[in-house]
Amino acid sequence: MGSSSSRARRNGRPVKVLVIGSEGVGKTLLLRQLANMAKRGKAADIDTATIPSIGTELMQILYAKANFVCRELGGSMIPVWPRYYEESDLALFIVDSSSEPKLASATIELLTALKAPGLARKPFAIVLNKCDSPVRVPEASVEGIMRMDDVIAFEEHAGRPIVCVRCSALTAEGLTDLLDWLVSRAADVAAG
């Protein structure tokens, strides 16, 4: 892993990460927390006030000598998400795991993104955010509603690197696992 990741750093090309999900799922806070953790090496208090993203937001994250440029697309931009698929190296699909009503629509958006030609075979992380919420949907219910086992098995069989990560953008729970997954995928992207 080290040599491939080193090649990505030496040639200066950042790994392009597409961050998508419905409105209010915590994309902005998640990226802010990832950048904070990458910079400081641990979770710390950050400004948790956010406003809905309108359009696209870019954030650079440097972690474990890997360089990521994350493009967050606002939830209101769902119809234009496919325009950004081809230019990305990998994708993070953020889900609000504290809202059962949002899970059905998130499942449809997820399946639509997974079958898009522009994202074919690209590494993909399904990020179940807000796992710290006192009103979160039980893990088994989330997996059942989203048919997570079937989705993961199908995508792995098709040759796509895919992972499901439970986390909290607010408390940073689970975000080290997500950062480590990003670094491992950066090595794959660098290897070509």
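Each residue, glycine too, has its Cβ placed from N, Cα and C.
According to TrEMBL, G21, S22, E23, G24, V25, G26, K27, T28, N129, K130, C131, D132 bind GTP; the candidate from G75, G192 that the record adds to this site is G75. Neighbour counts were taken at the CB atom with a 10 A radius for the binding-site residues K27, K130; the maximum falls on K27. For the GTP site, whose binding residues are given in the record as G21, S22, E23, G24, V25, G26, K27, T28, G75, N129, K130, C131, D132, the maximum C-alpha distance rounds to 22 Å. Cβ neighbour count within 10 Å across all protein chains ranks G21 highest among the binding-site residues G21, G75. If you measure from the Cα atom of D132 (GTP binding site) to that of S53 (Mg(2+) binding site), you get 23 Å.
Between the CA atoms of G21 (GTP binding site) and T28 (Mg(2+) binding site) there is a gap of 11 Å, rounded to the nearest whole number.
Shown are the binding-site residues E23, V25, T28, D132; the one with the most C-beta atoms within 10 angstroms of its own C-beta is V25.
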